[in-house]
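Quick look at what TrEMBL annotates:
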- C57-C64: disulfide bond (DISULFID)
- C136-C143: disulfide bond (DISULFID)
- 19-88: domain 'Thyroglobulin type-1' (DOMAIN)
- 98-167: domain 'Thyroglobulin type-1' (DOMAIN)
- 1-15: signal peptide (SIGNAL)
Amino acid sequence: TFILAVVLLLPSCHGDRPKTHCEQHRDSLRRGDGDVPLIGAFIPQCDEEGQYRPQQCHGSTGHCWCVDSRGQERAGTRTPPGAPTINCDEPVHPERPKTHCEQHRDSLRRGDGDVPLIGAFIPQCDEEGQYRPQQCHGSTGHCWCVDSRGQERAGTRTPPGAPTINCDDSCCFCWNISKL
């Protein structure tokens, strides 16, 4: 009975450990302000030990990406909805410094205090980190063309449901007739 008493006095290995950064991050986003869940927000996925799963996917958008041990997105790993996912265990090419577009995008994804800005326009960057010529606001449906610095080009904004402008075309903002 002495051994049994000692075992009963030992703390549980699973229930008594402090929450990890991943678990705290996940739980804060599940609650949101005033314990109201943040609808549409990305919720990090943690493994059994409370660490960030190497691959994270956004349930609302379908995008997936790889993260490091701190939960930071690894550059070049984001995949669009329906695309084959990347093996997060394979090394990614050496990380280059983030471009202006990537810094802009990442700052808006985080928002104040690492809480994503729901409904905010998030710039879209290409594989090299440059602004995609056409930008669209996911919440409003408006699209427009931008220059290499991400600045909107005058006269290119289209309302939701309207034909989009071909921002890549050398004729400078030709309407995309195929979408009519």
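Yeah, the Cβs are placed from backbone N, Cα and C, and that goes for glycine too.
What TrEMBL says about a protein is an automatic prediction, not a curated fact.
Model, not experiment: these values are computed from the prediction.
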Residues satisfying Cβ distance under 8 Å from C136 (disulfide bond), sequence separation of at least 6
Q124, H142, C143, W144
Taking each of the disulfide-bonded residues C57, C64, C143 in turn and counting other Cβ atoms within 10 Å of its Cβ, which one has the fewest?
C57
Mean pLDDT for the domain 'Thyroglobulin type-1' (98-167), rounded to an integer?
88
How many of the residues that make up the domain 'Thyroglobulin type-1' (19-88) does DSSP mark as helix, as strand and as coil?
14 helix, 11 strand, 45 coil
